[in-house]
Amino acid sequence: MLNPQNSSSHPVSFILLGIPGLENSQFWIAFPFCAMYVVAVVGNIILLHVIRTDHTLHEPMYLFLAMLAVSDLVLSSSTQPKMLAIFWFHAHEIEYHACLTQVFFIHTFSSVESGVLMAMALDRYVAICFPLRHSSILTTSVVIKLGAAVLMRGLLWVSPFCFMVSRMPFCPSHVIPQAYCEHMAVLKLVCADTRINRGYGLFVAFSVGGFDMIVIGISYMMILKAVLQLPSGEARLKAFGTCASHICVILALYIPALFTFLTHRFGHHVPRAVHVMFANVYLLVPPMLNPIIYGVRTKQIRDRVIQGCCGKEP
């Protein structure tokens, strides 16, 4: 149904199908999704609480980790409640402006997450290659400015998505064959030339994800070079250990993200259910894994959590 007062033929709402082809299984699929969402929310809140209350953790790595936790909370909470409502209560309808809001938050905080991971790679590079100058190079002020720059980049780069789509007419069909509103999925419902929108989407993808991956790659090449020059095998192992958590988080984000991005544009023969499942994994698994990976592998955080739960000194 169209809004009669809207000259751009904006729909009043869209219909989110969920996971096409798995409609009969969606009720049960929702349970592991809900469990992962609960772990993501609880884990990231605990992470933020530990970092906020323990002043010894007010260092660059942990401040970046706090930024990552905030991004994870926004990213997962912008999609999962509606997704669970679709799976359990068949609440397939989403209001037009709520859909655009979802597009905005998903893409903005995906960009923020990527930017924070890039900043964390730079932090590891400085810590390993310039250990004596680490605290003077990455001061609290510099960390805050990097975080603000990453957030502003996401806001400025993604806002045009919603503005351009809101100015375009939509086709009679308002069905989105997935469980949340994403830029390309919404764009496919537009009855107009979308080449500029698609071109801008590619520009944002390569200028954000491409740039961040290049910086991360260069940082880790320099780290690898520095680590291999260390005289002690134990020192090399310790240096690799400090980077292992970050590498796991990077892979958990970029692999499903790249699959989703490429499938939307070129994967016409990929089964839709596979595409949608990967799109869901991309927004849910990293927020769930990040607090687990860092909580388990980072001794300072692990000790504070154990101390808080058991009332014991670390």
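Start at 1 and count along the chain as shown; that gives each residue its number.
Heads up, the Cβ atoms here are built off N, Cα and C, so glycines get one too.
Where the annotation comes from TrEMBL, it is an automatic prediction and has not been curated.
Within its own chain, the transmembrane segment (27-50) is flanked in space by residues 19, 57, 65-66, 69-70, 72-73, 76-77, 80, 83-84, 87-88, 280, 284-285, 287-288, 290-292, 294-295, 301, 304-305, 308, which lie at least six positions past its ends and keep a Cβ under 8 Å from the stretch. If you look up TrEMBL, you'll see 27-50 (among others) marked as transmembrane segment.
Summed and averaged per residue, pLDDT over the domain 'G-protein coupled receptors family 1 profile' (43-294) gives 90. Summarising the annotation, TrEMBL assigns domain 'G-protein coupled receptors family 1 profile' to 43-294.
The feature transmembrane segment is assigned by TrEMBL to 62-80 (among others).
Marked as transmembrane segment by TrEMBL: 100-122 (among others).
The annotation transmembrane segment is assigned in TrEMBL to 142-166 (among others). Sequence-distant neighbours of the transmembrane segment (142-166) (same chain, 6+ residues past either end, Cβ-Cβ under 8 Å): 8, 10, 60, 63-64, 67, 100, 103-104, 107-112, 115-116, 118-119, 183, 186-187, 190, 196-197, 200-201, 204, 207-208.
Positions annotated as transmembrane segment by TrEMBL: 202-227 (among others).
Per TrEMBL, transmembrane segment is recorded for 239-262 (among others).
Per TrEMBL, transmembrane segment is recorded for 274-296 (among others).
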The transmembrane segment (202-227) versus listed stretches 62-80, 100-122, 239-262, 274-296: most Cβ pairs under 8 Å: 100-122
Same-chain residues near the transmembrane segment (100-122), Cβ under 8 Å, at least 6 residues beyond its ends: 61, 64-65, 67-68, 71-72, 74-75, 78-79, 82, 94, 143, 146-147, 149-151, 153-155, 157-159, 161-162, 165-166, 180-183, 186, 204, 208-209, 211-212, 215-216, 219-220, 246, 249-250, 253-254, 257, 283, 286
